[in-house]
């Protein structure tokens, strides 16, 4: 009888989490998911969580080809470059259900499933329970704790007189087929400390987390995606890019000001389209009166409006590390950076907050994973402007690769200007900005823009295996470096 009741309870739960999702589970339930490979496409899998409920998974991607991992420690800064494609080989998604999951093979054909099965619930293996030879590994499904508070927004010319307003830039007639937000992601001391003993788990958590955020932007027209170029984790307190109100409280506006200065003075920050801080501290704001030192404690996120690609391209969100509580907040604040206002306000007055979409001031309801039509239009118009040019080109650690066809026609030892003009034909000013002749014929630096005032930099690399020394046949290019040919 107890098994029958449990079965009925499980079915009710699965109906709830696949339906309106308005009443999250208070307690976890145990399931035994199974994974089936696609016979024709190894990038797709069928995940059966329970009889009658399954997810159609496809490969996910949220890391740049090359990702910089920076750790701030008591003794200095540790930097490591990782192969993004290798690190996300177990990352999968189901866009329909907003699932973002790690599908990790285990012994005897079993799998560990980690991540979000939809916008409200997560799944994780239960380590101490025995495997069932028939049913697989035991996993628990539980509700994601929602951030309760205000997802805030600032304007560059509001509240802080010394902040200059963002220059108005006319719209262009072209709209790209898609766009990519290249993000430098920072984890403050309180957030990074959760993964101190298992740093690899930090990268796993972030890629699942940000893939879930990316799924929100994939619904737009044109669709957007996220590419993480840098993950910086502070393993020591007293970070230079935050402003503390108390030991475990950040001042929101003041932290964003420091974060913007940090991004300007940091190479990885300058190259990113957005610099975003995940914090496990509380976020507070001074009250509106200029004479008071009292603070409000109702914020869970903050960012500048329409500031992506520019000086104030920064945001902050409060997250319970390991629980994905800030997925909604980060997506919301990135929406602000792409010029989406709150539903029911400013440009979005015709989209009521009662619809409970993603750009609701507070955490939304049944549609909290979806942008309203007003938000979609605002972002689309922003993408047409020159302010959003950085979102149309991938220019950071995920470097451009020159096609072999160009190499056959012109070299492999062609000059840098040829590379640069090939990849940036839509800009009036394009030129090679590295040493001449190039020190490394596998790697070229370009500058491009419409005027001398608004110039960006990009790194171009030739395909792996391209010869890089005229008189040494054993030297070839790999990941932009001229190195000895790999033995096959």
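Quick reminder: no glycine exception, Cβ is built from N, Cα and C everywhere.
What TrEMBL says about this one:
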- 1-22: signal peptide (SIGNAL)
- 179-395: domain 'Peptidase M12B' (DOMAIN)
- 332, 336, 342: Zn(2+) binding site (BINDING)
- 333: active site (ACT_SITE)
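Cα spacing between residue 333 (active site) and residue 342 (Zn(2+) binding site): 10 Å, rounded to the nearest whole number. Across the residues of the domain 'Peptidase M12B' (179-395), the predicted structure has a mean pLDDT of 90. Cβ proximity to the Zn(2+) site centre (mean Cβ of 332, 336, 342, cutoff 8 Å) flags the following additional same-chain residues: 151, 152, 153, 301, 303, 333, 335, 340, 341, 358, 359, 361. Less than 8 angstroms from the CB of residue 336 (Zn(2+) binding site) sit 153, 303, 304, 305, 306, 315, each of them six or more residues away in the same chain. Of the listed binding-site residues, namely 332, 342, the sparsest CB environment within 10 A is found at 342.
The local packing around residue 333 (active site), expressed as other Cβ atoms within 10 Å of its Cβ over all shown chains, amounts to 26.
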